[in-house]
Amino acid sequence: MNQSILSPFGQSEERAIAAINAFKQGNGVLVLDDEDRENEGDLIFPAETITVEQMTMLIRYGSGIVCLCLSDEICQQLDLPPMVTENTSVNKTAFTVTIEAAKGVSTGVSATDRVTTIRAAVADNAKPSDLSRPGHIFPLRAMTGGVLKRRGHTEASVDLARLAGYKAAGVICEITNDDGSMARAPEIVTFAQKFGFPVVTIEDLVAYRQKYDV
C-alpha cells in the first residue's frame, strides 16, 4: 500500500487507534485490504449500534450486498451453516446462508428491515428461530484469530468490534464509484475526507494486534 496516500490519516498505529475509537462511538470506518488481494475499501459499522441512517449510506454508496460479519461462535449460536458445501471462491469468503428477521420486517429489503434483521441476529440470547432463511442480509463467518489468520475485511470488522468492546460482529459493504466500478485507495481516501470517516488498512490492524498482543 502506498503510504503517502494515507498520510492525511496519520501513521499506521494512529490509523488503527482512530478506527477503534470511531467504532467505540458507533461510527463508521473505511478499511482497505492489500493491493495484491481484493484491493477494495469497505465501509464498516459496529453491528450492535447500526442505525437506519448508516444502513442507508451503505446501500447508497456501496455495492448493495450488505454483509454481517460474525465470529464462528455467533454463527454456531444462530445455526448458520455455510452457503455452499465446497467454497471455491478465490479468497475463500465464508458466506453462510442468508437471513431475515423472523418478525418485524416486510420484504426485508429496506434499510429499516435490514437493520431489524441485524439487530435480531446480534441480540442478547439470539437463537436460530429469530431468523428466517433465506433473506437479504449476507452473514460472513470470520476466521478464528481474525486478521492474524486471514487478512480479509470480514476478519477486520470482527476484530474492530472486539477491540472496541462490542460483540464480535460488524456490518460491511464494498464502496463503489459513481460509474459502478469498485473504489480503490484514491477514491476511498476522497470518500473518507468527504464524509469524515477514518481510514485504516488491514496491514495496520495486523501490526497493532501484533504489537499489543490483542
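A Cβ is built for glycine as well, from the same backbone N, Cα and C atoms used for every other residue.
For reference, Swiss-Prot has these:
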BINDING   R37, E38, D42, R150, R151, G152, H153, T154, E174  D-ribulose 5-phosphate binding site
BINDING   E38  Mg(2+) 1 binding site
BINDING   E38, H153  Mg(2+) 2 binding site
SITE      H136  site 'Essential for catalytic activity'
SITE      E174  site 'Essential for catalytic activity'
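H136 (site 'Essential for catalytic activity') sits 16 Å from E174 (D-ribulose 5-phosphate binding site), taking the Cα positions as reference. Cβ crowding, taken as the number of other Cβ atoms within 10 Å, peaks at H153 among the recorded positions H136, R151, H153.
Local packing around the binding-site residues D42, E174 was summarised as the count of other Cβ atoms within 10 Å of each Cβ; on this measure the leading residue is D42.
DSSP gives E174 (D-ribulose 5-phosphate binding site) a strand state. Mapped onto three states, the DSSP output places H153 (D-ribulose 5-phosphate binding site) in helix.
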